[in-house]
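As recorded in TrEMBL:
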type     : residues : note
TRANSMEM : 356-378  : transmembrane segment
TRANSMEM : 460-483  : transmembrane segment
TRANSMEM : 523-546  : transmembrane segment
TRANSMEM : 858-877  : transmembrane segment
TRANSMEM : 884-904  : transmembrane segment
TRANSMEM : 910-931  : transmembrane segment
TRANSMEM : 952-975  : transmembrane segment
TRANSMEM : 987-1013 : transmembrane segment
Amino acid sequence: MNKLTQFSMKNIMAVIIIVLLLFGGGAYSATSLKVESFPDISFPVVLVNTQYLAPPKDVLEDVTKPLEKAVAGLEGLKNLTSTSSDNFSTIVLELEQDKKPDDVKKDVESLIANVKLPLSSEKPKVQTLGFASQPVYYLSVYGTNGMSQQELDKVYKDVILPGFTAMKGVDHIDSIGNQEAVLTLKMDANVINAYNLTPAQLSQSIKAAIASSPAGSVDFNGNTQMVRVKSDLNTIYNLENMKISTPKGDTLLLKQAAKVEAITEATFMSRLNGLPAIGVHLYKTKNANAVEFGADADKLMAGWKTEFPNIVFHTVYNAAKDIKGSIDGMIKEGGLGALLASVMILLFLRNVRMTIIVLVSIPLSIMITLLVMAPLGITLNIMTLGGMAIAVGRVVDDSIVVIENIYSQLVKAHDRDESVIRLATAQVASAITSSTITTVGVFTPITFVSGVLGEVFRPFAITLVVALLSSLIVALTVIPMLAKLMVLRSKNIKMHDENEVGKVAMSYKKALLWSLNNRKKTVFLSILLFFGTIAGTVPFLATSFMPESESDKMMQFTIKMPRETTIETMNEKVKELEATMRESKDPVGQPTFDYVESLIGYNGTEQNGITDRIAYRSMFFASASQASNAKQVVKDFKEKLLYLLPKGSEVEGMLLSGGGPPASNYDFSYMLKGDDLNSLKEGAELIKAKMRENPKLLEIKDSLSESKTEVEVAVDQNKARLYGLSSAQIMDALHSWLAEDNIGDLKFDNTLFKTKIMLDPSFKNSVDKIGKFTITTPTGVKLNLNEIAKVQQIDAPVAITREKQEQYVSVTAKIDSPDKGGISKTLTDSLKTVELPSGVRTEVKGVTDDIQRSFNQMFIAMIASIFIVFLVMVLAFGNASAPFSILFSLPLAAIGGLLGLLVTHESINITSLIGFLMLIGVVVTNAIVLVDRVQQLREAGHSVRDALIEAGLTRLRPIIMTAGATIIALMPLALGLSKGTLISKGLAVVVIGGLTTSTLLTLVIVPIMYEMIEGFKRRISRRFNKKDHVMLDVKAIGTEQ
């Protein structure tokens, strides 16, 4: 390290050039780094989605079970769950933490490639999940000044949608509420039967007539030309009068067998503040920059606003704006922290030049960090910015110790030359190197934390580590060089008076002497304070997985009405709910919501790349006014909306944090497993009854309580066999009557229509009519369906859920309290008292499971960090006794950390645990600086007591300065004034509290423990020496004899 200092002082111009290059490189890197809200990670999950038009039971048997069997033996598979619902099978493969989802995805695709599925099922779609899979831009488009819906739809289809689709980085787009031209061909069952046709034959005849495709190529005089067959059915009139041949040899017109209707329809309906609108959700690709993506979308819309003045583009959510707001908030508070730290340093040093020298370490360390981030593939996000903001208070520590010691040595020196600066730097080089390495070592275990937790916090740890190592290099090179240039010849440095001792130092000396003379009392009081703090804080602290944001205003409500609800009924009810929300007022008399967007029939979920309309479900997106308490608004309107809905309806509400981990629909989940479905149902009712006793639980429900009515066709195998029919043949025939066949996008009368053929709904709106469907046997005999099968309505589950190929039911609830961990634990204990039916087993999921696993990993990381810190100190000091005394500063930090959480009403969560982890490294820094000086003085011949007192007085100011700079720099983050500080708030509170108590107590407790350990070593040494003397005397006597 001394060579680094010597190099910088001998090559001043070279170091200045290097510094300027680092500043330039860091600034360039800052502008080129990918910007996002959170690190782009993939969850350890692979999904397999398959579309199969069948009820849940058939989906389970025909699709889910074969696919489950194929992937059950996959290497690295931690858990396997599946959901079989109407028309869809979803299989979730939870992976071991060391497995990469993208690699496993390829293995899964290979395993299921040869699985035999029904011909009518779609090809299974395998996908992974991550933060990047969320939409990054929501907007609503609506017309004004009399613009019709048809005109809006045309502009959207011809201009807006193609424009968004062509944007760089677009993955896919969800359009909600846009209408499209649809041509429906509604078949008449009576005519089809009269002409001895089947729906499949009629559909195939139409497809064959409208086919248009290349037939080959010909060569005309060396010129190859394509031959294309084209249908003349280019008008609706020609289509209606198309002739169809029947098996009997007759001919009929299409309009005789089917009613042709040209209509406009929307899969979903959308409104913004009561006005018809088109909702647009833009999804970016994984590698796209969210900020650039948002800027490109804004630029497109700015052009359209000029081109189409009657169209309004209302931005509901823009991830770029959210990200920039978080980043700006983090930068602002980090900058404010740096400013406050500089004022504090100036007050201590009372020298502007030295303050400026110290402050250089902040931007220079940050610029080096930014420069290193690019090659490491780390993006600029809330976590990495949080690491840099936290580092602001710590990166000045090494520089403070160096410049303070340089100043002290210059004050004492009679001959001031650069040798004084080199000596002063060398005196503290070992101490600051050891302290920085220990802090860096603390974060090493985080790199080994597995799962999403490790992926989220690893960039934070790496950023902080790089900043700390940069600050160490700066302190040993740039700071001495600047001291030579700016301070060495300064006239403001007064000569040192050996008898001058400050009032604070004198008070500290008295306190230290008293403590050393009353070691047992002092240690006892410290132990009492430690355990008293634990007893007085831990029981009253809430526990949660992640902190809750107080600044989120955007919210989402999901409405679910009884399953028989039609889209028309849902639409009317949503209009009523919209009016209630828009008429509501906040505490200052303004509208409670800045906007209300409703999506009717939209569920927000995608299956196999398709978002289906669900008539009995709708969603609201809204933003609370500034004067409103968003969390309370969500709670109040869940109750208000539910009150206005019919019996059997459900309302879910949540605040949305843009860009963060997706919110779960529940906080607590209790899983019941067993072989008997009735026993599972009974057990679920008992669990729900017990859970309703807890007033903190909301939205209690189970996965089996919801059922639906479906039509069951029970084939009589004996009768079917008489006609040469199998169940599969009957199913195919029935499918042709019931299915809606999409012919494709076809142009008629110069208009592109989505064309589909189906049976007229009036022929399939009752069980009796379905029973009269004609089935053709292999011999050509016609018979009704009810002649070979029993057609009836039954109650059936909405979905069938399984785990590890075994059926289960889950009972879920939301927890209306920040202490989700505490309530989950209490609830789990109380549910153990419920007597469940025989054969039913239980398992806890949700927040409790997340908290337990994450906390366990963090505690292991803390234990590992303590060992790493101890190892580094042993290597630095060359013995174990001095480092052992330093470890006693750690419990003192816990006192302040816990008190800080209690005072600020913060919960014990992952971010606060990161704060405790960071304390392990930060706290020992002060103790290392102190003990390192003690060791130097003892080597110079001082006694233990004199060395402790002298070191305490010498290191008092740098210790208070470094701790004070860190504390005051973290104050803006601890106040959590901006949304970007959500992650760092709890961390900052813990570090501030812990550093405050540990700094005050370390200056007393560490010297006491050092002296006690040294005394113990002396007693042991004397005992062994005495024993050696006795042995020598015995040998001497034996010799004489």
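Counting starts with 1 at the first residue shown.
Each Cβ is built from the backbone N, Cα and C atoms, and glycine gets one as well.
Within its own chain, the transmembrane segment (884-904) is flanked in space by residues 526, 529-530, 533-534, 537-538, 540-541, 866, 869-870, 873, 912, 915-916, 919-920, 923-924, 926-928, 931, 974, 986, 989-998, 1001-1002, 1005-1006, 1009-1010, 1013, which lie at least six positions past its ends and keep a Cβ under 8 Å from the stretch.
Three or more CB pairs closer than 8 A are found between the transmembrane segment (523-546) and the transmembrane segment (987-1013), so contact between the two stretches is assigned (pairs 6 or more residues apart).
Within the chain, the transmembrane segment (910-931) has long-range Cβ neighbours (under 8 A, six or more residues past its boundaries) at 390, 394, 397, 401, 428, 431-432, 434-436, 438-443, 446, 453, 457, 460, 464, 545-547, 854-855, 858, 861-862, 865-866, 869, 873, 876-877, 882, 885-887, 889-890, 892-894, 897, 901, 951-952, 955, 958-959, 962-963, 966, 983-991, 994-995, 998-999, 1002-1003, 1006-1007, 1010. Within the chain, the transmembrane segment (987-1013) has long-range Cβ neighbours (under 8 A, six or more residues past its boundaries) at 386, 390, 508, 511-512, 515-516, 519, 522-523, 526, 881-882, 884-886, 888-890, 892-901, 903-904, 906, 911-912, 914-916, 918-919, 922-923, 926-927, 930-931, 934, 944-945, 948, 952, 956, 959-960, 963, 966-967, 970-971, 973-974, 981.
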